[in-house]
Structures are given as structure tokens and as C-alpha cells.
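Student: Below you'll find the structure I mean.
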Amino acid sequence: MGAVLGLCSMASWIPCLCGSAPCLLCRCCPSGNNSTVTRLIYACFLLLGVAVACIMLMPGMEGQLKKIPGFCEGGIGSSIPGVEGHVNCDVLVGYKAVYRVCFGMAMFFLLFSLIMIKVKSSQDPRAALHNGFWFFKFAAATAITIGSFFISEGPFTTVWFYIGMAGAFCFILIQLVLLIDFAHSWNESWVEKMEEGNSRCWYAALLSVTTLNYLLSLVSVVLFYIYYTHSDGCTENKVFISINLLLCIAASVLSILPQIQESQPRSGLLQSSLVTLYTMYLTWSAMTNEPERKCNPSLLGIIGLNSTTPAGQDHVVQWWDAQGIVGLILFLMCVLYSSIRNSSNTQVNKLTLTTDESALIEEGSQTDNYEEGSSFNRAVDNEKDGVTYSYSFFHFMLFLASLYIMMTLTNWYW
């Protein structure tokens, strides 16, 4: 009996996996706007790929990966950019596997970005491909990823390394835009509550969060100067820390100028404080890739634990250092926020090719899509008159996200 119920439960998922229209009717899909549900599913696709890439770096995988032709050819030595000298081949083969997995994800999203150019509404035949046929898309992404493992080495890794650097840099800029958008929405929400009533409480909360962000940033700068600089060296680190500090101070001052307040009444120090804190993270992330060990102490060394490598042992590179973990967390937050965001910031909407039409849908228009007495959860097609976000740009952003996570997991190949 249990087996029969299990088969019935699995059968209920088939309509969602094989098409778009049945997915609006079946019980397994969550209720909500079709535009949001679709973005969340694509985000799950990306996160699944990230999980697979992490598995490739786990101990014990190197033995299986070495069986694939073309991996770790030429012994332990490496000619990969950023990796010099005596490198542990077990780690190197994991890095190459991450490149292959992320290549498959990136090509999948880039292909859809090209296909979805200038889709204006869900009435476009291409919108059905975007919003449905999940089983076939999952199979296609899997096939591209598996096929990438059989690409001959040649210049592939080197070329993909430089493409990954450029794409990851662009995604960092997108992260910054989404961070500003999040801070703007946060500030706007609390200012509205402050104007509605109990202003003293909400003002104290806003001031506390802003002060905390600036305090964390200040502590970070002090620690940077203590541990990542020396009086007789580390000139690059000193320059980067000082320039970024001055830029953050300038951004904070500009945010409260009368001219800025007239143009953006809801802008303020909360946005600047979050950008300052994020800038400190980027500064730290850059300094952790400093090749000179004196200017780049390990986190274990900073907190007083021994992190030295025994003499004669191969240089081992790991992705699960503090910088990689923080970068992975920020990446997950950015992808999920971009999937559910519904911003009223018109400047950000123009930059991300998004509209706020989904926020203007009346409750009555949603109830029209439900039959009376129906017990099914349905995704509401809220894009019949026009899409609420650019399909093409969304896929291109996921393409850049694939490159960013590739560089993060491989420590930018340092």
C-alpha cells in the first residue's frame, strides 16, 4: 500500500516537470505569481549546480575524477594561471571539475539568455519554454554539464579562467546594486513606519543598525592595518585599504548632502553603511589572495592557532576558508533576493530591466484565476499583459553567477 501511495505521489509531480500549463493546475506547485515561482525554480537549478561543484572538492572525489581522460595530465606540475610550483594534484583535479560543472551551468543560462531576448509577455511562445518544461530543461543542463567533462584540456582551463574573472567581476557589481536596492527598501519601510507612529522607536532602530554597520566597518579597517600590513612592506594592501576607506567616507558624506536628499528623500546613511561594510568584505577578499604570506596571514594564524604547512608537504589549496564561506553565503543571499525581489526603486528597476507591475496586481485579478471551491494551489499567470522582469537579463545574471561561484570555490585559482 505504501509503495502505491509513493508512486501516486511521484505521478503528481509529472505535470510540473513536463510542461507549463499543467503546472498552473497541479497541487505540487506553490501558490503565488508565476513570475516569482519561475525565478525560484531557476535559482534552485543554480543552487543544485553549486552543491555538485562543492561535492567535486570533497575528499575522496579525486580518485574518481582522475579516471576522466585529460584530468591532471603532466603530473603534479601546473601551468594554470595563479597556480605556480608544486601543487597537490588531488586539489587541482577538483578545481578542474568545478570549472567543468560551472561551465555546464553557465552555458545553459547563456543559451536561455539568448533565446529569451525581447520576450514581452507570457503570450510569446518562448515564454512557455521559460516557465515550463522543467524536466527537459533539467535533462539539458545535466547533459551539457556531463559533456563538459569530456572537453579536451588544451587551452580550455586557461581561457575559461579569464572569462570567469571577467564574469565574476560583473556579478560583484550586480551584488552591489542588489545590496543598495535591499538597503533602500529596508530604509523606506522603516521610515514609513516611523511616520505612521511610534517614531522614536523606529528612529532608534534605524540609528542602531546604521551605527552597527559603521562600527563593524571601522573594526575591520583597524584589523586590516594590524594584520595585513607591515611597516616595511605590504604597500599594495596599504594602498587598497586607504583608498577604499576614503571612498566609503566620501559616499557617506554624499548620501546626506541637501542636493542628494532633494533628489532621493528616502536615501540616507543606512544605504551607505551597508555599502561600506560590503566594501570592507571585498577589500578583505582581495587581500586573502595576496601571494606573499607575510601580508596574507591565515585566519587560524590571526586567532592564535598554528596554520603552518609541514616541510616537504605539497601545497594544498582548499575552498572552505573563511573568505570562501562568506562569499558563498553572500552569493546565496543575492540569488534568492534577486528571485523574489519586488522593488519600488525605479532606478534599480531600469538597471535590472525589471518593472514593478507585479506589485500593482489587484487581489481581484488573482482570484479570477481560481475556481470557486477549488482545493488546488495554482501559480497565477501575472504576465499576460507584459513581463515583470527581463527573461533574458535574468538568465544572463545567472550566467554571471555561475562564473562568480566558480571563481569563489577555486579561490580565484590562487
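Each Cβ is built from the backbone N, Cα and C atoms, and glycine gets one as well.
Please treat TrEMBL annotations as automatic predictions, because they have not gone through curation.
These came from TrEMBL, pasted as-is:
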SIGNAL    1-19  signal peptide
TRANSMEM  40-61  transmembrane segment
TRANSMEM  97-117  transmembrane segment
TRANSMEM  129-151  transmembrane segment
TRANSMEM  157-180  transmembrane segment
TRANSMEM  201-227  transmembrane segment
TRANSMEM  239-257  transmembrane segment
TRANSMEM  322-340  transmembrane segment
TRANSMEM  393-413  transmembrane segment
Student: At least three Cβ pairs under 8 Å linking the transmembrane segment (322-340) and the transmembrane segment (201-227), pairs spaced 6 or more in sequence?
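Tutor: No, the transmembrane segment (322-340) and the transmembrane segment (201-227) are not in contact.
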Student: Most CB pairs under 8 Å with the transmembrane segment (97-117): which of 40-61, 157-180, 201-227, 239-257, 393-413?
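Tutor: Stretch with the highest Cβ contact count: 393-413.
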Student: Quickly jot the same-chain residues contacting the transmembrane segment (393-413) by Cβ under 8 Å, restricted to those at least six beyond its ends, or write none.
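Tutor: Sequence-distant neighbours of the transmembrane segment (393-413): 39, 42-43, 46, 49-50, 53-54, 57, 80-83, 95, 98-99, 102-103, 105-106, 109-110, 112-113, 116, 161, 163-168, 170-172, 174, 289, 317, 319, 321, 323-324, 327-328, 331, 334-335, 338, 352-353.
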Student: Where else in the chain does the transmembrane segment (40-61) make close Cβ contacts, counting only residues six or more beyond its ends and a cut-off under 8 Å?
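Tutor: For the transmembrane segment (40-61), the sequence-distant neighbours (Cβ-Cβ under 8 Å, at least 6 residues beyond its ends) are 91, 94-95, 97-98, 101-102, 104-105, 108-109, 134, 137-138, 141, 145, 318-320, 328, 331-332, 335-336, 338-340, 394-395, 398, 401-402, 405-406, 409.
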